[in-house]
Amino acid sequence: MNSENISICEKIVSPSYVRQGSQARRSHEQLIRMLLEQGKCPEEGWSESTIELFLNELAVMDSNNFLGNCGVGEREGRVASSLVARRHYRLIHGIGRSGDIAAIQPKAAGSSLLNKLTNSVVLDVLKLSGVRSVASCFVVPMATGMSLTLCFLTLRLKRPKASYIIWPRIDQKSCFKAMITAGFEPVVVENVLEGDELRTDLEAVERKVEELGSENILCVHSTTSCFAPRVPDRLEELAIMCAKYDIPHVVNNAYGVQSSKCMHLIQQGARVGRIDAFVQSLDKNFMVPVGGAIIAGFNESFIQEISRMYPGRASASPSLDVLITLLTLGASGYKKLLAERKEMYTYLAQELNRLAEAHGEKLLHTPHNPISLAMSLDGLQAQCDKAVTQLGSMLFTRQVSGARVVALGNEQIVSGHTFSGFMSHSESYPCPYLNAASAVGITRDDVTLCIKRLDKCLKSLRKESSNSLNKIKTHSLHEAELFHALNLLSEDIYKPLILKI
């Protein structure tokens, strides 16, 4: 309420009570004022009442919520369902304009303000997560794959002769299809095996650069977050190489914001060499619904070019979701989640290692992967080839989601390219394995229950394999006894009869 309305209230209710209520409201408004002034994630999280007050203030600034509005255009923020309107806090106009996703929308001052504040708060969170020198970012209402495509299409304008993208192999379809969708030819560089880890083959990457010619290469497309035994690419070395040959460098940082190691690699890569843009998912890093990503970089003008490449307006839902989440958590709450995730990584590694030893397997040594872990399944495969894939289906039906079982010899065609050993990031990884990840939001109960169910599944499969082996042995024994009896018969006349039996 403004001061005029408060004065009127004092004539209706005791002035001391009204002043107390007014002071309480001012405490909410003080938090909102600090957000508007600083554009940073608040240190402490807000209450739901503060967030709802703020969103309501934004919504009444949009034309579809004006009391006397008379809309005669084709896009006036009309919504048929009141349930849908409430779901979006009556922020209906979306973000941007037809020519620029970051542009101010005249009909929607509140939604435009929401968009600007969200990008500012997210930039602050990227900095506190480890990429201190990031210059600019924006939330885009597409998941990681399509957001990478947007980056590649923007680079096309700068490098019209380029037709290749150099890509250290990672077996994840969307990042591969992102290059195909943008109209480029991925040049797949196989990884090298170092111990149990699959790492970037820097020599092979440089050979490809020299072979194809730097002017024909759109960019190097590297990866941080990935499934073990694949580990983050050697970002610093790749960044130096890109600077040396004047080739752009785009990093797929899908779920790397939650890892200080992944964020450090990006920061260092930008410091010593070249990184043009890095892309990360909203749902994986901030626990919001799927459908949004953050495109960030170290050159503000280039990030603005990417935002202008987005055609048309865009949904405000991903921006709204991540802003609500970050205001709820606050900087301290998000940092606490990151710290808990690290603790759970250590706990998951300990429990997987204990389980692996109990079943004659081993926890693969992948110290460069800060999120994902892998346990060998050699012994399981030795008992029965189908047991490895059967384990995956058993875990899924027992409500263990996210665990990946990787068998040997898988072949997959993705957009015309054949991947041998698909899902293992290698044409010939030495052993089958099971993946598990310690991602943000994971709890100790999740780990404990997963290990318990995995243990039961492994025991069940080994028992099943053992029973099958005993049946085969028993069958073979009966055959041996029959032929032994046959040999004891001295009369040749009986032999044909027994053979018929």
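Quick reminder: no glycine exception, Cβ is built from N, Cα and C everywhere.
Owing to the predicted nature of the structure, the values given are computational and were not obtained by experimental measurement.
Taken verbatim from TrEMBL:
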BINDING   Arg75  pyridoxal 5'-phosphate binding site
BINDING   Arg97, Ser98, Gln105, Arg313  substrate binding site
BINDING   Arg271, Arg398, Lys463  tRNA binding site
MOD_RES   Lys284  N6-(pyridoxal phosphate)lysine
Pick out which of the binding-site residues Ser98, Gln105 has the most other Cβ atoms within 10 Å of its own Cβ.
Gln105
Taking the Cβ of Arg271 (tRNA binding site) as the reference point, list residues of the same chain whose Cβ is under 8 angstroms away and which are at least six residues distant in sequence.
Ser133
Can you give me the residues near the recorded substrate site, meaning same chain, not Arg97, Ser98, Gln105, Arg313 themselves, Cβ no more than 8 Å from the center of the site's Cβ atoms?
Gly94, Ile95, Gly96, Gly99, Asp100, Ala103, Gly312
Using Cβ atoms only, which residues of the same chain lie under 8 Å from Arg398 (tRNA binding site) while being at least 6 residues apart in sequence?
Arg453, Lys456, Cys457
Please find, for Arg97, Ser98, Gln105, Arg313 as listed binding substrate, the greatest distance between any two Cα atoms, in Å.
10
The record names Arg271, Arg398, Lys463 as the residues that bind tRNA; what is their largest Cα to Cα distance in Å?
55
Hey, of the binding-site residues listed (Arg97, Arg313, Lys463), which one tops the CB count within 10 A?
Arg313
On a C-alpha basis, identify the one among Arg75, Lys284, Lys463 that is nearest to Ser98 (substrate binding site); the candidates are the recorded positions.
Arg75
Least surrounded among the recorded positions, given as Arg75, Lys284, when other CB atoms within 10 Å are counted:
Arg75
Looking only at C-alpha atoms, tell me how far Lys463 (tRNA binding site) is from Arg97 (substrate binding site), rounded to the nearest Å.
63
Between the Cα atoms of Gln105 (substrate binding site) and the residue listed as 'N6-(pyridoxal phosphate)lysine', what distance do you get, rounded to the nearest Å?
29
Give me the CA-CA distance between Arg313 (substrate binding site) and Arg75 (pyridoxal 5'-phosphate binding site), in Å, as a whole number.
11
